[in-house]
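Now, the feature entries from TrEMBL:
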SIGNAL    1-36  signal peptide
COMPBIAS  39-52  compositional bias 'Low complexity'
REGION    39-171  region 'Disordered'
COMPBIAS  57-67  compositional bias 'Polar residues'
COMPBIAS  90-103  compositional bias 'Low complexity'
COMPBIAS  106-117  compositional bias 'Acidic residues'
COMPBIAS  120-164  compositional bias 'Low complexity'
COMPBIAS  198-208  compositional bias 'Basic and acidic residues'
REGION    198-230  region 'Disordered'
COMPBIAS  209-221  compositional bias 'Polar residues'
DOMAIN    219-270  domain 'PepSY'
Amino acid sequence: MRLDPRRKNRLSPRSRNLKVTGAAACVAAAALLLTACGQSSDSATSAATEAAKVLPQKTTASPSATADLTEAQQERKRVLDATEVTFDDAATTAVGEVAGGKLVDLDLEGVDDDDRDESPSPTGTGSPTGSPSPTDAASPTGSPTGSPTGSPTATGSPTASPGAEGPVWVAEVAEKDGTVHTVRINGVDGKVIDARVDEDQDDQDKQQTARWLSEATQTPEQAAKVATEKKKGTVTSVSLDDNDGNGVIWSVDVVGSDWKKTTFDVDAKNDTIVREETDND
């Protein structure tokens, strides 16, 4: 008996071609899938990068410089930003209003008024304390509204000028005998608002002022220069005062770029700084 040889499972050329084509298609599909995944990943990365460029970084936001200032520092900034007349110019104008007069005090209203209230005799004390009747009778709520008819200069000096009139320089200029004149100067255009004799001073006050001026051999401008050479800034106040029985001093306030005030006590004879104090408020 003859056994037929086992047939080999041969594929026809067409079947072989179909098989190869199918395999190639699978490979191509797999490659396409991998490419798509890669492109999707790249697209996501690219999209995230572009979004990062557009969206702001919230964590980097910082508060404004003004928000970091104290109330006193904000007030100094507000007044000084509006003031165009310098201390030197205001001093020259004030002295020119009194024949033979000498400057004994000059302050920029609205800047550290609480400190100035300790010695405001020519302008401040006349209204709030020396003449209470127009205030109490006409306006129980306060002198700014009650006393314009009775004493316009005294009441306008400490309260009205920073708001209604803008920044104002208030000067005390003394005659040779110590008689003090109060001169108020517009801090924007430098014009004199008013000038008059301080009616609250007595003979003892005049004698003291005359004595201090005779002891002061250095001018307030020289003292201001000494202070600003020590600390760069704007002079907002200069006042002649007693140095606890050791002669006289020029007390100079300087406001720096950080809006902090530094007070220098400068010897009125030799221009040396005897005290220095910075107000961090």
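The backbone N, Cα and C atoms fix where each Cβ goes, glycine too.
Just so you know, TrEMBL annotations never went through curation; they're auto-generated.
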Helix, strand and coil totals (DSSP H, G, I; E, B; other) for the region 'Disordered' (198-230): 24 helix, 0 strand, 9 coil
Cβ contacts under 8 Å made by the compositional bias 'Low complexity' (90-103) with residues that lie 6+ beyond its boundaries: 169, 171-176, 181, 183, 185, 187, 190, 192, 195, 213, 219-221, 238
